[in-house]
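A.B. asks: Got a structure for you, written out below as structure tokens; questions coming shortly.
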Amino acid sequence: MQRVNLSMVSEFVLVGLSDAPEVRFFLFVLFLIVYLATMAGNITILVAMSTDTRLHNPMYFFLGNLSLLDILCPTITVPKMLEALLLENKVISFTGCMLQLFFLIDVVGTEIFLLAVMAYDRYVAICHPLQYVNIVSLRLCAHLAIGTWVVGFFNSLLHTSLVFTLFFCDSNEVDQYYCDIPPVLTLSCSPTYSRELVTLVVAGVLGSAAFVVTLVSYLYILVAILSMSSSESRHKAFSTCGSHLMVVCLFYGTTICTYVRPSSTYSPNQDRIVSMLYGTLTPLLNPIIYSLRNKEVKCALRRLISQVRTALRR
């Protein structure tokens, strides 16, 4: 029989970041600026890549998908956080909490798989440059991109159904500024061990698979770079992979600290800091990392700015 949610809780209360009015206003202004900068940076990257034909290749196609995910990730959590900081409205409906968690896990999962696909793309480009065009075709890029979104969707659907078919009957105070798996699980009146075990196993298998693909790709890349005789070729290869490697380290570090552990070790204060890193700062830093370290992206941005200036002068 299908299990029906018998929850007596119809809404949740998000604890938020601070109750002090002066601190709340400061945090509101700070995170509003960060959010707007994140939107502006990633939208600019997307526009530059879509309008500049020089960037119509697999590497920048995947980077465009990453920018889209970096737009979605803070949009899922930050507006509600800003509302709580400014208006003290910390209440979120049961359905709203469920949807927030679903979309957040969906985006995070999709980004993990996308980073693995991007690592494979760099592996082929550096280790098999002559066959790159034939191997990484437009058709393959489309299939890989769609695959990351589909796997992320079903992964999130599983985790969300495991959490929100539990019985919530007592406390409804989520010790976080958004709905996430660890703080919501702690509110359940039902036993959560089996759900946690399934969550950890599924996340561990999928996450480990993506991580192994990323790690093996970069091991091959490192061997290929070290075997290059020309220092100019090595420098070009390092500059090509350096941006992606920095993003991978930043994303995996913050995500592992948040999700790869049982809820019994959940620390609200520590998790708020870590979640801010991957939820707000990482999406802001990604376009900066790619634009500052990538000559082609910088040139495309200059051409875009020049076109905008020319249009405004008319």
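Cβ atoms are placed via backbone N, Cα and C, with glycine included.
The annotation domain 'G-protein coupled receptors family 1 profile' is assigned in TrEMBL to 41-290. Residues or ranges marked as transmembrane segment in TrEMBL: 25-48, 60-78, 98-120, 132-154, 197-225, 237-261, 273-292.
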A.B. asks: For the domain 'G-protein coupled receptors family 1 profile' (41-290), what's the mean pLDDT in this predicted model?
C.D. replies: 84
A.B. asks: Given the cut-off of 8 Å on Cβ pairs that are 6 or more apart in sequence, determine whether the transmembrane segment (132-154) and the transmembrane segment (25-48) share at least 3 such pairs.
C.D. replies: no
A.B. asks: State the residues, same chain only, that lie 6 or more residues beyond the ends of the transmembrane segment (98-120) and have a CB under 8 A from a CB inside it; answer 'none' if no residue qualifies.
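C.D. replies: Distant Cβ neighbours of the transmembrane segment (98-120) are 59, 62-63, 65-66, 69, 72-73, 76-77, 80, 92, 144-145, 147-149, 151-153, 155-157, 159-160, 163-164, 178-181, 184, 206-207, 209-211, 213-214, 217-218, 244, 247-248, 251-252, 255, 259, 278.
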